[in-house]
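Swiss-Prot annotations:
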- S105: active site, phosphoserine intermediate (ACT_SITE)
- G31, L32, S33, G34, A35, G36, K37, S38: ATP binding site (BINDING)
Amino acid sequence: MTNILWHQHPVDQAARAEQKGQNPVLLWFTGLSGAGKSTLAGALERALFEAGFHTYLLDGDNVRHGLCKDLGFTVEDRDENLRRVGEVAKLMVDAGLVVLSAFISPTREERDSIRARFPTSQFIEVHVSTPLSVCEQRDPKGLYVKARSGEISNFTGISSPYEAPLAAELTIDTSKGDLATQVRALIDYLTAINVINADKAKALA
């Protein structure tokens, strides 16, 4: 690896961001299966996209159709799954995009490892803190039923622990309030930290 050097391109992140008129950032949505991560991230992306932002949503299920299709669900494979996603997200942020990632990402160590790849201002952890009882009641994929019956092992929240963030930038319980209000809270936060500038904020009003 000592002979492999990072090549500096003539167009850098700042130039790409300026062209797009936005501040690139990664929003990392973490929480139990069924918490509403993908729904919330998707609704936020739609709002941002319609306001003229350049966005991309990385979803836990979708990446396993290609980027991570060779991985299973062992602890080692799940770690590698998130490592790959973190690297892809880093490239996308470098391209000047607003990136949203929706992954259970159950351990603090995994999430902190991804956070460490970004400047402080470019990583926003969103804890989707919907209680286990609500997630299990929703069970959109029937996974909790299978986990309770023993058909699925090492299932986060049932037979494998979920370590809630200690200091997430935002915490949203999707069992409280409606989706529009939850998206509004995200937009207000992004506006406050200047990810959304004043001109584009008007389009999101």
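A Cβ is built for glycine as well, from the same backbone N, Cα and C atoms used for every other residue.
Other residues of the same chain near the ATP site, with their Cβ within 8 Å of the Cβ centroid of G31, L32, S33, G34, A35, G36, K37, S38, are A102, I104, V128, T130, C135, T174. Secondary structure at G31 (ATP binding site), as computed by DSSP, is coil. The Cβ of G34 (ATP binding site) has 24 neighbouring Cβ atoms from other residues within 10 Å, across all protein chains displayed.
Sequence-distant contacts of S105 (active site, phosphoserine intermediate), defined as residues of its own chain at least six apart whose C-beta falls under 8 angstroms from its C-beta, comprise W28, T30, L82, R111, I114. Most other Cβ atoms within 10 A: among the binding-site residues S33, S38, that distinction falls to S33. The least crowded of the binding-site residues G31, G36, judged by other CB atoms within 10 A of its own CB, is G36.
Taking Cβ-Cβ distances under 8 Å and a sequence gap of 6 or more within the same chain, the neighbours of L32 (ATP binding site) are I104, V128, T130, L132, C135, T156, G157, Y162. For K37 (ATP binding site), the number of other Cβ atoms no farther than 10 Å from its own Cβ, over all displayed protein chains, is 28. For A35 (ATP binding site), applying a Cβ distance below 8 Å and a minimum sequence separation of six or more within one chain yields V128, S129, T130, C135, T174.
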